[in-house]
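Colleague: Take this structure, written in structure tokens, and hold onto it; I'll ask about it next.
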């Protein structure tokens, strides 16, 4: 574990901000579990007054940093087009997102598949391989949550930094190596470690993600605790939390309600309990030394960009009303900062899914990586609609015969025989923001083949 020296800090960073309320308060007698903190700082331990914003500012202007590519955009986009585009999807788009192949009618969601942030990340990673054909290239995490794309990069010789017992082994990275930061971003501790190793950093972080980082840095500057709507183990949320000051991560409206009930002393719905139980519940989802009696007086909202839009908005409204009730409407601006960090691409795909479930379809096929948060929420919308919805990560989940292995929104793996009804069918189709069109086509081709065999057997 490296610790930033005073000399390095003075050379790179601006003077530390004035002491926060955390520095002024006495230490709490109850401490949160340190496991979350250790996962955030697996690569380096940073001093409390380390100016993360200034460090990031300086890093992005250094000679060993690139986030715009290397001048190979045209040829890498052509290669991606060859590998990931689909004639089936092209036909659907040319026919108003609906087309019939034999007994199968497919209705494609208006917004689906690769978002511009994902396409940008993959394209820059391809550029890095072309720019550094003979150098070792590492990824701090999967570039995106799609097994097809990740396997392609692996075949190109791009390696993931190894993980041992949940801790990344940065010792394998040497000076002169190339390290790609994925679309989800990377924790500031990881960036610091890589900068110290003098590697070439290729940053593919989605601009929407870095927008959330700016928001939590704003919270920190104003001495607000960041309430982050996300999954505490998700790469994006880990990175966002690393840029925050004091934070708590809530996965859903139920956890947000628990926090708000605690703020109101049990007067919301009575779901919360003692301070000790609060800290036990959120032991992996709070900043080190988090004290709910002190750190929930001034709060701001941020989110993992791939979470369900409606739930993020609901959480924001709930927290705002809670602070109004606790401190008075006239004082709410001193205790609450609203948010505007919902990703456009996530919102568009969710809105399109809400429209798709209103269509007359027999079932919905959701295609995307099983560790993809945004895809899980598309499946969630399908399940809530009552329409049979099947979330697969590749065409290999279909078959043999009329059988499918799919995941439910909450993660359960299910196998189902005869999932396709007999006779003519209409299928609604969508895909996650990390899913290439070719992966969707491959899945649909499996569906077409099952129905073709059905017709032949009936003849």
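The chain as shown is numbered from 1 upward.
Each residue, glycine too, has its Cβ placed from N, Cα and C.
Sharing the features that Swiss-Prot gives for it:
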- 1-31: transit peptide (TRANSIT)
- 115, 206, 343: [4Fe-4S] cluster binding site (BINDING)
- 145, 234, 305, 372, 373, 374, 434: (2E)-4-hydroxy-3-methylbut-2-enyl diphosphate binding site (BINDING)
- 236: active site, proton donor (ACT_SITE)
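Tell me about the setting of these features in this model.
Modeller: Around the Cβ of residue 343 ([4Fe-4S] cluster binding site), 25 further Cβ atoms fall within 10 Å across all displayed protein chains. Classification of residue 343 ([4Fe-4S] cluster binding site) by DSSP places it in coil, neither helical nor stranded.
Residue 145 ((2E)-4-hydroxy-3-methylbut-2-enyl diphosphate binding site) has a Cβ environment of 29 other Cβ atoms inside 10 Å.
For residue 236 (active site, proton donor), applying a Cβ distance below 8 Å and a minimum sequence separation of six or more within one chain yields 184, 185, 209, 230, 304, 305, 306, 373.
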Colleague: Neighbours of the [4Fe-4S] cluster site 115, 206, 343: Cβ within 8 Å of the Cβ centroid, same chain, sequence order.
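Modeller: Close Cβ neighbours, site residues excluded: 116, 117, 118, 183, 207, 208, 209, 305, 306, 344, 345, 346, 433.
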Colleague: Expressed to the nearest Å, what is the distance separating residue 343 ([4Fe-4S] cluster binding site) and residue 374 ((2E)-4-hydroxy-3-methylbut-2-enyl diphosphate binding site) at their Cα atoms?
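Modeller: About 11 Å separates the two Cα atoms.
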Colleague: Can you check which residues sit near residue 434 ((2E)-4-hydroxy-3-methylbut-2-enyl diphosphate binding site), meaning Cβ under 8 Å from its Cβ, same chain, 6 or more apart in sequence, and list them in order?
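Modeller: Listed in sequence order: 114, 118, 144, 145, 146, 149, 183, 368, 369, 372, 374, 375.
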Colleague: Please report the distance from the Cα of residue 206 ([4Fe-4S] cluster binding site) to the Cα of residue 234 ((2E)-4-hydroxy-3-methylbut-2-enyl diphosphate binding site), rounded to the nearest angstrom.
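Modeller: Rounded to a whole number, the Cα-Cα distance is 15 Å.
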Colleague: Express the distance between the Cα positions of residue 234 ((2E)-4-hydroxy-3-methylbut-2-enyl diphosphate binding site) and residue 115 ([4Fe-4S] cluster binding site) as a whole number of Å.
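Modeller: Each residue's Cα considered, residue 234 ((2E)-4-hydroxy-3-methylbut-2-enyl diphosphate binding site) and residue 115 ([4Fe-4S] cluster binding site) end up 19 Å apart.
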Colleague: Give me the count of other Cβ atoms within 10 A of the Cβ belonging to residue 374 ((2E)-4-hydroxy-3-methylbut-2-enyl diphosphate binding site).
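Modeller: So the number of other Cβ atoms within 10 Å of residue 374 ((2E)-4-hydroxy-3-methylbut-2-enyl diphosphate binding site) is 25.
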